[in-house]
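Note sheet for the following structure.
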Amino acid sequence: MSQPSPDTLQLTGSGRLRNFLTIDALPRSILEEILDTAASFVDVGDRSIKKVPLLRGKTVINLFFEPSTRTRTTFELAAKRLSADVLNMDIARSSTSKGETLMDMLRNLEAMSADMFVVRHGDSGAVDYIARHATPEVAIINAGDGRHAHPTQAMLDMYTIRHYKGGFAGLKVAIVGDILHSRVARSEIHALNILGAEEVRVVAPRTLLPADIDSLGAKVFTRLEDGLRDADVVIALRLQKERMSAALLPSESEFFRLYGLTNERLAVAHPDAIVMHPGPINRGVEIASEVADGPRAVILHQVTFGIAVRMAVMSLCMSGRETEREAAHAAAR
Amino acid sequence: MQPHADLLIRKARVIDPASGRDEVADLLVEDGRISRIGASLDAPGVDMVDAEGLWLLPGLVDSCIRLSEPARGRAGTIASETHAAAAAGITHLVALPDTDPVADHAAAVRLIRERSVRAAAARVVPLGALTQGLAGAQLSEMSSLADIGCVAFANAGKPVQDTLVLKRAFEYAATFDLPVVVRPQDAALSAGGCVHEGPVSTRLGLPGIPPLAESLDVARALMLAKATGVRLHLQLLTTADSVALVRAARAAGQAVTADVGIHHLWLDDTAVRGFNSLCHVDPPLRSATDRAALLEGVADGTLDAICSQHTPLSAAAKLAPFPSTEPGISGVDTLLGLTLELVEQGQLPLARALDAVTQAPARCLGVRGGSLEYGRLASLCVVDPARRRPVAERWLSAGRNTPWLNYSLPGQVQLTLCEGRVTWQADA
């Protein structure tokens with residue numbers, strides 16, 4: 001049953017990033033390196049020439065098996081600001097439902113001398129699978145797989161938190177809403193624990209909490225007031241409409257009444273608490289307009305930081321691979 | 001097909017859980033039948049097998065396998081898979097009715113029987129479908145199917161959701177005293193799931209199947225069996241609660257039997273970490289606590305039998321993101337080795353372990369096999385208990401979907417006889 005562990009899939013022999021699949025079990029130093037590197041890219045968007053040449057001559061393919069305009073756009077922009085050539089492929093799930101077909105497609109794309117795949121897929125583990133089966137020359141970035149992981153979203157949230165709070169020590173972070181179906185929440189819980197947040201809380205009715213979520217390092221609250229008390233950071237998650245038909249919730253309005261973020265509810269949080277959301281938001285479902293548009297909300301800054309964080313992840317994976325190749329060459333000589 | 005054998009197997013440790021025999025003795029097979037067991041037998045002109053230091057066991061009875069043909073998507077043929085079984089000491093294979101076409105009518109069962117008789121190196125014992133097309137709506141012609149050799153009736157991996165249909169199926173089977181095999185799983189509670197619901201499913205973001213999906217259905221089957229008087233065999237139990245329910249029903253006097261898959265005795269849900277699709281099975285690998293309860297259940301006899309749940313798959317079936325892979329492990333090659341390894345590790349007493357793969361499954365499902373009886377066509381195997389060998393060295397199933405290929409297991413089978421004929425003989 002021996003398989004390469006996610007660690008060896010993600011890290012080079014000398015501990016540099018080579019793929020970015022999940023936050024789970026990554027060392028703190030890597031997460032900090034991503035944040036520091038992102039900081040150096042944040043102002044690229046303000047320059048008259050919005051480009052740096054780090055990925056010049058490289059080909060990045062956005063492989064989206066699940067529709068997403070926002071995430072794909074920010075990845076595309078990030079790659080272009082790194083001077084890469086970018087190809088977008090939106091693939092209907094049905095055309096690759098058979099494993100062989102997916103493998104064939106990978107082989108075809110590899111034959112085009114791609115250097116990086118940015119992958120989103122509806123199946124948990126799909127990006128991990130592609131990383132195991134694609135040629136090792138191609139860097140794989142996870143843009144969201146099933147309920148498993150969305151590591152770049154989590155890192156841009158970490159960037160935002162560090163930007164506003166200066167660091168993670170002593171922070172209480174509350175993640176509110178549909179934890180069960182959320183890859184964002186899972187990646188955030190890992191990242192916050194690795195970066196040393198004091199307390200990571202999840203707040204939801206029991207129908208939206210995955211089994212044994214505490215085993216990931218999260219404290220469970222079912223009452224919003226308790227979960228928000230003294231919180232420094234509040235992250236609301238998007239609630240999909242189909243949760244009602246699956247009998248997980250009675251209605252959007254009851255959810256909002258019990259778990260929606262309003263100014264009144266946020267009164268028990270820390271006075272300087274910031275409110276985040278991975279977007280797109282449902283006003284009046286998980287968050288009130290007064291909060292989304294209010295002074296605590298940092299939602300639009302998340303989007304800006306998201307481009308810098310994705311640039312950081314892409315350039316670190318490429319430079320990790322360069323170093324690996326140089327080391328291999330030196331050893332061969 | 002081989003002729004009926006004449007053989008004198010000498011100085012083996014003869015272990016027969018059915019009769020309690022465990023002694024070093026000679027065993028004589030004449031014209032395929034066991035004629036004598038005793039010390040220093042003499043049979044001039046008969047081929048001799050020197051089995052000193054080896055064990056002589058009844059042929060193993062595997063109470064749950066899935067046929068490769070007629071079926072879609074599974075690897076191998078009846079010939080290849082029964083050959084693999086024979087090399088692993090198995091002589092009787094109880095086959096689920098989830099073939100293609102489904103074994104719900106006489107023609108399909110006859111087809112299976114014909115192909116089995118022609119090609120098989122082991123006796124394939126078919127289960128009939130409990131409902132037509134396994135759809136859980138209309139009863140199959142159980143009595144007619146029994147007449148052509150179906151020993152019991154099952155709905156395989158497809159739960160009968162409608163409790164009224166299940167009750168009537170039990171009543172109808174009870175009318176003709178036919179046993180019913182239930183693989184408990186509540187359809188709604190397990191829908192969409194692919195692994196045990198717990199810390200591992202949560203970490204990997206894989207949709208889970210809660211243990212409750214099984215134990216609730218065990219409770220339903222037990223209550224219905226009690227009410228209808230049907231002979232019930234519960235198949236592939238995986239949870240601690242299921243074991244407790246069966247134990248309590250037995251204590252209350254209910255006649256119910258049960259089996260467990262060998263892989264559920266060896267692996268827990270942590271085996272799927274890293275999205276290891278080789279450990280994607282249905283029902284899923286459960287928690288360490290459940291696994292401990294299953295072992296305890298086998299040890300005290302609450303779980304009568306251990307089966308392989310043999311599901312040989314093509315390589316492509318496992319080449320996909322985890323939730324899209326086919327569940328199943330190819331199991332006949334390792335059933336005996338893994339069972340004996342449980343004994344070596346002190347998890348099960350030898351007598352109980354051997355009973356669980358020979359006599360007990362035969363008794364549960366009315367299979368004529370699993371014991372060393374005088375006068376009956378011999379189904380037996382000769383095993384070198386001490387010899388460990390890498391599993392990959394003798395892998396005969398066409399399905400290589402197993403997590404054990406890189407392991408060494410004890411119990412090399414030297415010789416297998418099925419119903420009087422030699423079906424496996426190892427190279428010296």
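Each Cβ is built from the backbone N, Cα and C atoms, and glycine gets one as well.
A:ARG120 is the only one of A:ARG47, A:ARG120, A:ARG243 that TrEMBL places in the carbamoyl phosphate site (with A:ARG70, A:THR71, A:HIS150, A:GLN153, A:GLY279, A:PRO280). Each of the binding-site residues A:THR71, A:ARG120, A:GLN153, A:ARG183, A:PRO280 was checked for a CB under 8 angstroms from a CB of chain B; the ones meeting this are A:ARG183. Listed in sequence order, A:THR71, A:GLY144, A:VAL184, A:SER187, A:PRO278, A:GLY306 are the same-chain residues at least 6 apart in sequence whose CB falls under 8 Å from the CB of A:GLN153 (carbamoyl phosphate binding site). Residues belonging to the domain 'Aspartate/ornithine carbamoyltransferase carbamoyl-P binding' (A:18-162) score a mean pLDDT of 92 in the model. A gap of 5 Å separates the Cα atoms of A:HIS150 (carbamoyl phosphate binding site) and A:ARG183 (L-aspartate binding site). A sphere of 10 angstroms centred on the C-beta of A:ARG238 (L-aspartate binding site) encloses 18 other C-beta atoms. Counting residues per DSSP class in helix, strand and coil order gives 62 helix, 24 strand, 61 coil for the domain 'Aspartate/ornithine carbamoyltransferase Asp/Orn-binding' (A:170-316). DSSP labels the residues of the domain 'Aspartate/ornithine carbamoyltransferase carbamoyl-P binding' (A:18-162) in these numbers: 69 helix, 27 strand, 49 coil.
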